Amino acid sequence: SVGFKAGVKDYKLTYYTPDYETKDTDILAAFRVTPQPGVPPEEAGAAVAAESSTGTWTTVWTDGLTSLDRYKGRCYGIEPVPGEESQFIAYVAYPLDLFEEGSVTNMFTSIVGNVFGFKALRALRLEDLRIPTAYVKTFQGPPHGIQVERDKLNKYGRPLLGCTIKPKLGLSAKNYGRAVYECLRGGLDFTKDDENVNSQPFMRWRDRFLFCAEALYKAQAETGEIKGHYLNATAGTCEEMMKRAIFARELGVPIVMHDYLTGGFTANTSLAHYCRDNGLLLHIHRAMHAVIDRQKNHGIHFRVLAKALRMSGGDHIHSGTVVGKLEGERDITLGFVDLLRDDFIEKDRSRGIYFTQDWVSLPGVLPVASGGIHVWHMPALTEIFGDDSVLQFGGGTLGHPWGNAPGAVANRVALEACVQARNEGRDLAVEGNEIIREATKWSPELAAACEVWKEIKFEFQAVDTI
């Protein structure tokens, strides 16, 4: 029998290996698989492993020139999803050699590049990834991380406060700078470019950078605190993005910003390297994430996108609020918040964490809570997110009836009151409203804010839990 055995064969013969013992160097993936009717789970799980590693639909002559056993992905476990008839979790192990070092782009191209359009599957969702320590070590990660950021800003023992400047489109650069100054003067640590503020006809990036830098130096001089404004460097080309980051550094500002999903991982990693080399903090916005992560049965869970960002690099990332206007289930959100901040995270399925993850001292990322939050949420946010977080109130600052600076004062007073109460041992979950009410006696600005937002609620069930 000369030649090789041509023809199509079942994936599960080669790629379903329930006895496989995973290696410490393997990248492990947990997929939520919904096969087409009539496709057995083992075949669907094996198909995912094959299509995202070495496999193709038929045996090929060149298979004989390589060691499949060394390079193939393996589906090593399958478990049903409780309460879902046609879904199950497929665990796949990928050998480390399949991936380029230090490239989040290549990791995603390999693992999720092709397989999501596969006909034998009705739907597919990547729920979690275990990044082996050997692979983590090929990434620089966040430019600075939580501790270095606190040291640079000289702010300890409390969450940081931010605010997105609104209206997000249409202000001139000078008026935009005015809004920044008022917020920072009132007591915020940071203000933020909206994610879609790049360089539009009504406000070119260079003008905005200049006026925002002026605003933050003025506010710094007045308050004696270090201030920052996230200057959005996101652009149409990598070269233009770097040009903006370089200009920000020349102005001496502390932090720039990037939209990492629309800008892309390659651009983001370049920017993160530049930021570490030049002492800039990097704020990351997750615009477009819901396109990828909102469906329960198809796409990629945000915890995977968050892990990828920690590898690619960013010092802050938006991560939902649990209490505001956007998605976020408490336990699940706290699961990926810990994945961003902590060095070692134990497997915990109740929090959606499928694998134990060791980050081997890669710097941590500050989670940013923003979206429909206001002073009444402060106790809950302080309790849920703890000190290592950035709380961002856009409308919750600028919507204050007396203006931006009093809005900033109200948020700062509310935050300081919550932190003090917590440090005195009071239970924020139980006494939160009372703590805010007490603080209004000392702050007319806070009293006015409490009056405006006392009835606001965003009560809808989270979509990805329905």
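Note that Cβ sites are derived from N, Cα and C of the backbone, with glycine treated the same way.
Annotated features in Swiss-Prot:
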type	residues	note
MOD_RES	Lys5	N6,N6,N6-trimethyllysine
BINDING	Asn114, Thr164, Lys168, Arg286, His318, Ser370	substrate binding site
ACT_SITE	Lys166	active site, proton acceptor
BINDING	Lys192, Asp194, Glu195	Mg(2+) binding site
MOD_RES	Lys192	N6-carboxylysine
ACT_SITE	His285	active site, proton acceptor
SITE	Lys325	site 'Transition state stabilizer'
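Once Cβ contacts within 10 Å are tallied over all protein chains shown, the recorded positions Lys168, His285 are led by His285. Between the alpha carbons (Cα) of Asn114 (substrate binding site) and the residue listed as 'N6,N6,N6-trimethyllysine' lies a span of roughly 26 Å. Take the recorded positions Lys5, Lys166, Lys192, Arg286, His318: by the count of other Cβ atoms within 10 Å of each Cβ, the lowest one is Lys5. Taking a C-beta cut-off of under 8 angstroms and a sequence separation of 6 or more, Glu195 (Mg(2+) binding site) has the following same-chain neighbours: Asn232, Thr234, Asp259, His285, Ala287. Taking a C-beta cut-off of under 8 Å and a sequence gap of six or more, Asp194 (Mg(2+) binding site) has these contacts in its own chain: Thr164, Ile165, Lys166, Lys168, Leu169, Asn232. For Lys5 (N6,N6,N6-trimethyllysine), the nearest of the binding-site residues by C-alpha distance turns out to be Arg286; the candidates were Arg286, His318, Ser370. The secondary structure of Ser370 (substrate binding site), as reduced to three states from DSSP, is extended strand. Summary: among the binding-site residues (Asn114, Thr164, Ser370), the fewest other C-beta atoms within 10 A of the C-beta are counted at Asn114.
Under the DSSP three-state reduction, the residue listed as 'N6,N6,N6-trimethyllysine' is assigned to coil, being neither helix nor strand. Distance from the CA of Ser370 (substrate binding site) to the CA of Lys192 (Mg(2+) binding site) is 11 Å. The Mg(2+) site is defined by Lys192, Asp194, Glu195, and by the 8 Å test on Cβ atoms against their centroid, the other residues of the chain that qualify are Thr164, Ile165, Lys168, Asp193, Asn196, Val197, Tyr230, Asn232, Met257, His285.
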